[in-house]
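> Encoded as structure tokens, here's the structure I'll be asking about.
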Amino acid sequence: MELLNTLTDVQAPLVDVWGYPLSFIELVGTVTGLVSVVYAARAQVLTWPFGVVNVLAFMIIFYQVHLYSDMLLQVYFLTVTLYGWQQWQKKKADSVRIAWLSARQQALAGAMVVGGTLLLGAAMQRVHVWLPQWFVQPAAYPWADAFTTSASVVATVLLARKRLEAWVLWVLVDAVSCVLYFQKEIRLMALEYVIFLLIALYGGVQWYLMLHDETRVRFR
């Protein structure tokens, strides 16, 4: 039990990386997250099993650093990750194709992000008052945390459905997360999100090219 506590404690350093005490749980979350996003950018199904491990690791980390919106987001991520895994494993003829959302769907997605940010941000400002036995400290950066949570919720569904707008949202989420995690001194995760940002840009371009190629083949 003591070993398990040590492995899951974000404050228990495993190695020192350029003066930064890196914990085992942060290392696992970082590596599996990077691998998962690379596979997602390539539209490969292996993104999902690596995503499961990443979600569980981040859930533990976010609880310990009082980013409660992000912690709760991981529960949702786990559900959608399993859904995406099932969707992408379908036979080729039945598989989900890369596509854009309609204008109406884009407006709905945007409204969900904005509405979710407002509702969740307001709730996270008070969660330590409502549930002090579980959330001892006030939420850190509740509004930025709420935005990344709400946008990630929508982006994950769009990713599972292979909609290009997923990458637009991931670019925004990753940019805000870089700053947020640096401020919380989770430096390796902050660096990871810089890499995520670059991969999101790459993924958007790759999916756009895949869509263009599929469209050209279908209409020959």
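Every residue, even glycine, has its Cβ placed from backbone N, Cα and C.
Automatic, uncurated: that is what TrEMBL annotation is.
Here's the feature list from TrEMBL:
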TRANSMEM  20-39  transmembrane segment
TRANSMEM  46-65  transmembrane segment
TRANSMEM  71-86  transmembrane segment
TRANSMEM  107-128  transmembrane segment
TRANSMEM  140-160  transmembrane segment
TRANSMEM  167-184  transmembrane segment
TRANSMEM  190-211  transmembrane segment
> Ranking 107-128, 167-184, 190-211 by Cβ pairs under 8 Å to the transmembrane segment (20-39), which is first?
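Comparing 107-128, 167-184, 190-211 against the transmembrane segment (20-39), the winner is 190-211.
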> As a test: from 46-65, 167-184, 190-211, pick the stretch that has the greatest number of Cβ pairs under 8 Å with the transmembrane segment (140-160).
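Top-ranked stretch among 46-65, 167-184, 190-211: 167-184.
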